[in-house]
């Protein structure tokens with residue numbers, strides 16, 4: 001059984017090989033005419049310039065933190081090396097995804113001239129590169145450091161590095177993409193009355209760059225981190241029950257390995273049938289990945305663990321994944337009541353649109369929360385949690401690992417979104433034939449749904465993963481002679497601070513988007529006013545000015561959320577003690593999960609309500625209802641693409657800080 005540990009790094013390498021294979025196949029596709037290449041080149045240049053500047057900024061922070069880890073912790077050198085490796089791996093996943101995404105967009109636009117099937121194939125393969133790179137690097141890094149160190153506690157540094165990069169990528173990318181999007185929409189659609197992706201809008205290139213920065217690199221880093229820390233949490237909890245299950249640490253890694261093979265196989269399932277239904281084709285891949293993974297999990301569990309109850313926990317994880325996807329699609333798709341309600345409310349103005357959108361966002365927390373609660377209880381008790389709490393908590397962690405078995409496909413779906421969005425923008429700006437735009441519009445409409453669905457999945461997996469991380473922190477606190485009681489005022493104080501943190505964090509990120517969007521709006525207005533011929537199409541806007549504005553804003557504003565995530569748990573732990581920090585973690589997980597659900601689903605519903613009106617309903621484009629829906633969409637944009645997704649990263653970073661510095665915190669504090 002010992003040799004099975006090497007299946008994990010091998011699976012990681014194979015995943016990266018297939019990612020390279022798909023990337024090479026995309027680059028062989030035709031990149032279109034000169035005008036298309038000019039537009040795509042501007043998007044590519046802006047995206048890579050931002051990513052390079054972001055990583056330089058993060059590198060400075062990472063080096064400072066690595067020295068703190070080196071000098072403050074036992075085995076600091078090993079943990080610091082792991083931390084830097086985790087940060088580099090997460091950055092590499094984002095870099096690979098971004099590099100392919102900004103090259104697949106133009107090829108998708110050109111392929112649209114050959115029809116829907118060809119264009120969809122190029123876009124999905126582009127997404128698959130990011131998906132396979134994310135899971136490959138995550139499993140390769142986690143397993144390699146465990147093999148190298150032989151102690152799962154020392155692998156925590158790798159998880160912390162992945163978490164920190166994810167937070168910065170989510171916050172910085174979210175500020176960039178939504179400041180550009182909101183600014184471009186408010187002036188272009190509402191004031192100037194020009195369509196989306198119109199080349200006369202100075203913010204249009206920044207908007208297209210932002211799609212890649214936020215939805216490709218951002219989501220890639222987010223799910224890379226979730227994959228790493230959830231696997232790590234299961235391994236940490238497994239180390240506590242090694243007397244019952246000798247392979248408890250190895251089991252999550254083997255599950256991840258077979259799931260990678262399932263994802264690779266399932267990529268080839270994604271083909272449009274005779275009906276021409278794009279979403280159905282994409283769901284074939286996700287469904288195939290889940291089913292193949294479950295079959296493999298059954299044999300792995302029987303041979304490695306000898307306890308069928310653990311297989312049942314993996315089934316729970318897969319069911320949660322399916323339900324989260326269905327629920328999110330219900331609340332964010334144009335086919336169902338929530339989005340139709342918001343669209344109808346737009347007829348009476350922006351105020352009723354906002355009220356309706358907030359209501360739908362709040363409502364959307366109900367069913368997912370019930371699903372997660374039931375999943376937690378079943379996975380805890382089905383493995384024997386009533387008799388042994390440690391095994392029950394391990395069952396929850398295994399359910400979370402099973403949820404992540406579809407990560408490769410889920411990231412592929414998410415990255416498909418910005419590729420098709422950019423393809424539509426390139427087609428519009430390059431004045432390609434109406435038939436091409438019709439194909440890219442069909443792809444983009446599905447891309448909006450996939451982006452929303454993957455956010456719901458990310459929140460659910462983050463919640464289960466964070467609960468497993470908290471369980472490990474609690475075990476470390478108990479080992480230090482501390483007990484946790486909810487009637488303890490110190491724990492309650494921590495609970496309130498933890499519940500507060502998501503609101504403060506969201507305030508900072510939302511404010512950053514508002515300030516940057518204000519600058520973009522003023523810049524686009526200035527260009528319309530001062531550069532003659534823009535509206536007539538005889539003069540070219542200064543696209544670079546808007547890209548520069550949002551780049552500077554994103555890099556400047558992402559520092560504060562990062563400091564909050566690292567310093568707050570450290571200060572609470574060092575000043576108030578480990579019990580208060582435990583309370584903070586509980587409050588953060590509960591409130592952060594709910595708030596993220598509300599923001600992601602509410603924002604997605606606002607976005608698609610606008611698109612429903614643009615499709616000719618409730619007066620269509622240019623109507624008063626459309627103007628109200630654009631206002632709602634611009635409120636929902638930072639909800640669903642900045643603050644909401646960043647809360648996932650916040651929850652996991654704070655938990656990783658607590659675990660990493662638990663040995664320091666356990667002997668500190670006033671209480």
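A Cβ is built for glycine as well, from the same backbone N, Cα and C atoms used for every other residue.
Features of the protein shown, as given by Swiss-Prot:
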type	residues	note
BINDING	178, 640	substrate binding site
BINDING	181, 185	Mg(2+) 1 binding site
BINDING	208, 211, 421	Mg(2+) 2 binding site
SITE	170	site 'Important for ion transport'
SITE	215	site 'Important for ion transport'
SITE	222	site 'Important for ion transport'
SITE	451	site 'Important for potassium independence'
SITE	641	site 'Important for ion transport'
SITE	652	site 'Important for ion transport'
TRANSMEM	3-23	transmembrane segment
TRANSMEM	79-99	transmembrane segment
TRANSMEM	128-148	transmembrane segment
TRANSMEM	156-176	transmembrane segment
TRANSMEM	223-243	transmembrane segment
TRANSMEM	249-269	transmembrane segment
TRANSMEM	285-305	transmembrane segment
TRANSMEM	310-330	transmembrane segment
TRANSMEM	366-386	transmembrane segment
TRANSMEM	452-472	transmembrane segment
TRANSMEM	490-510	transmembrane segment
TRANSMEM	646-666	transmembrane segment
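Positions of Swiss-Prot features highlighted on the structure.
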residue: 170; record: site 'Important for ion transport'; DSSP (3 states): helix
residue: 181; record: Mg(2+) 1 binding site; DSSP (3 states): helix
residue: 211; record: Mg(2+) 2 binding site; DSSP (3 states): helix
residue: 222; record: site 'Important for ion transport'; DSSP (3 states): helix
residue: 421; record: Mg(2+) 2 binding site; DSSP (3 states): helix
residue: 640; record: substrate binding site; DSSP (3 states): helix
residue: 652; record: site 'Important for ion transport'; DSSP (3 states): helix
Residues satisfying Cβ distance under 8 Å from residue 421 (Mg(2+) 2 binding site), sequence separation of at least 6: 208, 211, 444, 447
Separation of alpha carbons, residue 652 (site 'Important for ion transport') and residue 181 (Mg(2+) 1 binding site) (Å): 28
Rounded distance in angstrom between the Cα atoms of residue 170 (site 'Important for ion transport') and residue 640 (substrate binding site): 11
Folded-back contacts onto the transmembrane segment (3-23), same chain, C-beta under 8 angstroms, at least six residues removed: 96, 100, 125-126, 128-130, 132-133, 135-144, 146-147, 247, 250, 253-254, 256-258, 260-261, 263-264, 267, 304, 408
Remote residues contacting the transmembrane segment (79-99) - C-beta distance under 8 A, at least 6 residues beyond either end: 19, 23, 47-48, 51, 55, 58, 62-63, 65-67, 69-70, 73, 129-130, 133-134, 137-138, 140-141, 145, 149, 154-166, 169, 212-213, 216-218, 220-221, 224-225, 228, 411, 415, 660
By Cα-Cα distance, the member of recorded positions 178, 185, 222, 451 nearest residue 641 (site 'Important for ion transport'): 178
Integer Å distance between the CA atoms belonging to residue 178 (substrate binding site) and residue 451 (site 'Important for potassium independence'): 14
Most Cβ pairs under 8 Å with the transmembrane segment (366-386), selected from 249-269, 285-305, 310-330, 490-510: 310-330
Residue 215 (site 'Important for ion transport') and residue 178 (substrate binding site), Cα-Cα, nearest whole angstrom: 11
Long-range Cβ neighbours of the transmembrane segment (452-472) (under 8 Å; 6 or more residues past either end): 219, 222-223, 226, 229-230, 233-234, 236-237, 317, 320-321, 324-325, 327-329, 332-333, 368, 371-372, 375-376, 393, 396-397, 399-400, 403-404, 406, 410-411, 413-414, 582, 585-586, 589, 593, 596-597, 600-601, 604, 607-608, 640, 644-645, 648, 651-652, 655-656, 658-659
For residue 640 (substrate binding site), the one of 215, 222, 652 that lies nearest, given that the recorded sites are compared by Cα: 215
Where residue 451 (site 'Important for potassium independence') sits in the secondary structure, as DSSP reduces it to three classes: helix
Ranked first among 156-176, 249-269, 646-666 for CB pairs under 8 angstroms with the transmembrane segment (128-148): 249-269
